[in-house]
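Student: What follows is a structure written as structure tokens; I'll ask about it next.
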Amino acid sequence: MEDDRKDAVYGTPQKYDPTFKGPIYNRGCTDVICCVLLFLAIVGYVAVGIIAWTHGDPRKVIYPTDSRGEFCGQKGTKNADKPFLFYFNIVKCANPLVLLEFHCPTPQICVKQCPDRYLTLLSARNTRDFDYYKQFCVPGFQNNKGVAEILRDGECPAVIIPSKPLAQRCFPAIHANKGVLMVGNETTYEDGHGARKNITDLVEGAKKANKVLEARQLAMQIFEDYTVSWYWIIIGLVIAMVLSLLFIVLLRFLAGIMVWVMIVMVILVLGYGIFHCYMEYSRLRGEAGSDVSLVDLGFQTDLRVYLHLRQTWMAFMIILSILEVVIILLLIFLRKRILIAIALIKEASRAVGHVMCSLLYPLVTFFLLCLCIAYWASTSVFLSTSNTAVYKVVDDTACPLLRKTCNPETFPLRNESLQCPTARCQFAFYGGESTYHRALLGLQIFNAFMFFWLANFVLALGQVTLAGAFASYYWAMRKPDDMPAFPLFSAFGRALRYHTGSLAFGSLILAIVQIIRVMLEYLDQRLKAAQNKFAKFLMVCLKCCFWCLEKFIKFLNRNAYIMIAIYGTNFCTSARNAFFLLMRNIIRVAVLDKVTDFLFLLGKLLIVGSVGILAFFFFTHRIRIVQDTAPPLNYYWVPILTVIIGSYLIAHGFFSVYGMCVDTLFLCFCEDLERNDGSQERPYFMSPELRGILLKGNPQEGKQEEVEEE
């Protein structure tokens, strides 16, 4: 009675069908409307890309521009031999206007080199130093005016101070002298009216300006690290690929042994991590400054500073110890289920062995995802740089035209300039007021949405293809004789020919949820300054709900794609059937499917941990053999994190084949139990090895209880 009620709630179990022999080949197109929508969306996406590429200029993101909007140091421009940007009064860069309109309200020119000495306009005037000083005045400067007129017209800076180039911009060379921040060896300077001022004002202004561009500085240093270590990063990723492929091949022939070796190795790697953290913690005992707390230190862009604190290594040791204990406890409580999961992995290894080309399919998915990412990134950059140069009125005095748009060619001749004789028309930022420019935000949202849609479509295509190939293996009564000649290519062709619309439907639903999450993150950043606690609570709830919804949709889509690969039904029907089938076998889902996911996670951690430790010792120059080979870096954590993340993605790509194989075989197994009873008239399609460990009792009488159930 209880089973009947459960069947009534979660659908009707599959009935015996003597004609069913696996994936249906005579199928029709599904969800055609979504296929048409995807085609139209791609056409629109291409149109957006063409428009962005027509109007955009990526140089605006990388290279600085002077007050007339001309690039510094670019070939074919007036400033080809002047690569650095010089600010007349960098103190004004600390103005809040910089954050609002992304420009510094002071004249800016391109120079050949940053100043290396301290000079004022008054002190340099009528001396031999003025030839050096003139290179920091506007191009075409004529020394035929008084000092006051020169400063009023913004033709020369009042003072130049020793500076260093950073991101092709000249910033004051601030250094400490007996605990006092100084610029050069000077403590005062003269303004344009001959008044003596404390240079600390310049230092404070420079510090504020540096804070504004601190993120850009960090980005440039990270980029520099990539330029000198990219080939070593590639070598690390190749090592991760070789280890992943070797692990998968060994798993094919030695599944049971490899699983236990993997478990032991993960425990040993974590144990070594705990030991290393303890040794570093002990080494820092008594070292000056090592007892500073993380809270007192605050955020530092140079993460190497944290490695000199005992508290950092203590935190690492605690985290690794907790992880080690959790894994050991899970292994103790799941020891019986692990034996069953190993049997399922062995069956998956046999399936992969008969479809060996499936191990290379992640490369196809990776290539298609790279195309999606490259198109999205390039379109995003071109959209963000497709603005036009906007010039605004700048004046140090009160002026009714202040910050209004102007034309630098005609501004001196217009009547409006008479209202503000000292005003000047200066380049402000790249923007625009046309319909196209007003639509840029919407185009960026559409660009992000299409990226999510196409990326999810590529992943869905891979899942349906692998599911179709492995389903062909399971539903072959005589394995592998009854399998098609090329199961992977056959499944790929069926997916594209008949189910493009269904894949587009499933990926569209997921893309909508993901773009909503992105917009919630954007709103959360905009509302961080608000003090409304209810709004913050509501935002946290919404973010949590949509995160859970995304995870559920991914789980449902994955199983729906397996049903599409087997039966060729539309997305909604497949999702409903898959959900009901899983609910009718919810105990098996928790016992088998998720334990195998846990074992695969341990495999990924083993590969990532091994490659990560190797990268750490290499980039920190701790391997004596290659001490002179490792490149000098600003932040050695940059290539290490890149290698770790890349290794995880590579390992995930290889293990995803096994994961999809296990999920497919599991659903097929549940279907097999409902369709057949193990008799001669209705034999099981599962292999004898799988049947022997997943079922107990007399299978011909339909007793289908798990081994571990007591």
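Cβ atoms are placed via backbone N, Cα and C, with glycine included.
Predicted automatically and left uncurated, TrEMBL annotations should be read as such.
Grabbed the feature section from TrEMBL, which reads as follows:
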TRANSMEM  32-53  transmembrane segment
TRANSMEM  230-250  transmembrane segment
TRANSMEM  257-275  transmembrane segment
TRANSMEM  313-334  transmembrane segment
TRANSMEM  355-377  transmembrane segment
TRANSMEM  450-475  transmembrane segment
TRANSMEM  496-516  transmembrane segment
TRANSMEM  560-579  transmembrane segment
TRANSMEM  599-621  transmembrane segment
TRANSMEM  633-655  transmembrane segment
Student: I'd like to know if the transmembrane segment (496-516) touches the transmembrane segment (560-579) in this structure, counting it as a touch only when three or more C-beta pairs sit under 8 Å and are separated by 6 or more positions.
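Tutor: Judged by the Cβ rule, the two regions touch, with the required three close pairs present.
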Student: Under 8 Å for C-beta pairs, could you tell me which stretch among 32-53, 257-275, 355-377, 633-655 has the largest tally with the transmembrane segment (496-516)?
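Tutor: Out of the listed stretches, 32-53 contacts the transmembrane segment (496-516) most.
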Student: Which range wins on Cβ pairs under 8 Å with the transmembrane segment (633-655): 32-53, 313-334, 355-377, 450-475?
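Tutor: Comparing 32-53, 313-334, 355-377, 450-475 against the transmembrane segment (633-655), the winner is 355-377.
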Student: Which stretch, 32-53, 313-334, 450-475, tops the Cβ pairs under 8 Å count with the transmembrane segment (355-377)?
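Tutor: The stretch with the most contacts is 450-475.
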Student: State the non-local partners of the transmembrane segment (450-475) in its own chain: residues 6+ outside its ends, Cβ under 8 Å from one of its Cβ atoms.
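Tutor: Same-chain contacts beyond the flanks: 20-23, 38, 41-42, 45, 348, 350-351, 354-355, 358, 361-362, 364-365, 368-369, 372-373, 375-376, 483-484, 487-488, 490-492, 494-496, 499, 503-504, 506-508, 510-511, 514-515, 557-558, 561-562, 564-566, 656-657, 660-661, 663-665, 668-669, 672, 685-686.
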Student: Six or more residues beyond either end and a Cβ under 8 Å away: which residues meet both conditions relative to the transmembrane segment (313-334)?
Tutor: 263, 266-267, 270-271, 273-274, 277-278, 280-281, 284, 294, 307, 595, 598, 602
